[in-house]
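Feature annotations, courtesy of TrEMBL:
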type	residues	note
BINDING	Lys6, Leu7, Gly8, Gly9, Ser10, Gly48, Gly207, Lys211	ATP binding site
BINDING	Gly47, His52, Gly150	substrate binding site
DOMAIN	1-218	domain 'Aspartate/glutamate/uridylate kinase'
SITE	Lys15	site 'Transition state stabilizer'
Amino acid sequence: MTTVLKLGGSVVTDKSTPETVDDDSLDAAVAAVADSDPSRLVIVHGGGSFGHHNAEKHGVSDSQGTHDAEAVFEIHDAMRRLNDAVVTRLQDAGIAALPVHPLSLGARDAEAAFSLPLDSTATMLDEGFVPVLHGDVTAHAASGATVVSGDELVTTLARGLDADRVGLCSTVPGVLDADNEVIPEITAFEDVASVLGGSDATDVTGGMAAKVRALLELGAPAHIFGPDALPRFLAGGDAGTVIRD
Ligand code: IP8
């Protein structure tokens, strides 16, 4: 059973203060992972106040690239420091966590399709480690380097590792309906298109509609939930909104 878990930037950092770890929230997530005694777990974390702050400063996004090596390094270095904090806390809690840095492995082609060789991650899993990846910058053909988000890494990992379960933990409790209630299950995009908006419009903002569409294509159930539901997800239960084809 292989599980891919994303801890959103809002869970691991204090988004209102540049380059600040949210100690209480990260500690709670780490405790939930440690209590679950995981096997074959891959963790991905978002950028929060580390990545986005630095990417904005240099005008770099997932489509807007740069050839300025110092700018690329500054964005990557902020994410690497956040990754160090996450890995260290997991190790302190007894988890065999190891870092995997997408900048050193991945690339986008000229059509912006992202690929990531997974030999190191898969071998770490086979050897009982918990690989911890992070949103990052990645070399991008004809554009220099662009941002790769944690969500993009999650779908790449889930496909490449043939994951059985995917979890996206952020500060929202799930996909919300028009009354702000969590939708327990989504099996077709048309069923939620009206509440998510723009059923046939291209979702340039990368909002919930794009996320749901990408997760419906995964072939593994994906759970979108808030921090309170993390222990339930790690115990194998349904958490928040479950998206399955
Ligand atoms: O928070 C973004 O990752 P995300 C990473 O998962 C950077 O979108 C470098 C901004």
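Glycine residues also receive a Cβ, built from the backbone N, Cα and C atoms like all the rest.
Ligand 1 lies under 6 Å from the Cβ of none of the recorded positions Leu7, Ser10, Lys15, Gly207, Lys211.
Considering only the binding-site residues Lys6, Gly8, Gly9, Ser10, the residue whose Cα is spatially closest to the Cα of Gly47 (substrate binding site) is Gly9.
Rounded to a whole number, the distance between the Cα atoms of Gly150 (substrate binding site) and Gly48 (ATP binding site) is 11 Å. Ranking the binding-site residues Gly8, Gly9, Lys211 by the distance of their Cα atoms from the Cα of Lys15 (site 'Transition state stabilizer') places Gly9 first.
Between the C-alpha atoms of Ser10 (ATP binding site) and His52 (substrate binding site), the distance comes to 11 Å.
Within 8 Å of the Cβ centroid of the substrate site, not counting the listed residues Gly47, His52, Gly150, the chain contributes Gly9, Gly46, Gly48, Phe50, Gly51, Ala55, Met79, His134, Gly135, Val147, Ser149. Binding of substrate is attributed in the record to Gly47, His52, Gly150, and the widest Cα separation among these residues amounts to 12 Å.
Here the binding-site residues are Gly8, Gly9, Gly48, Gly207; the one with the fewest Cβ atoms within 10 Å of its Cβ is Gly207.
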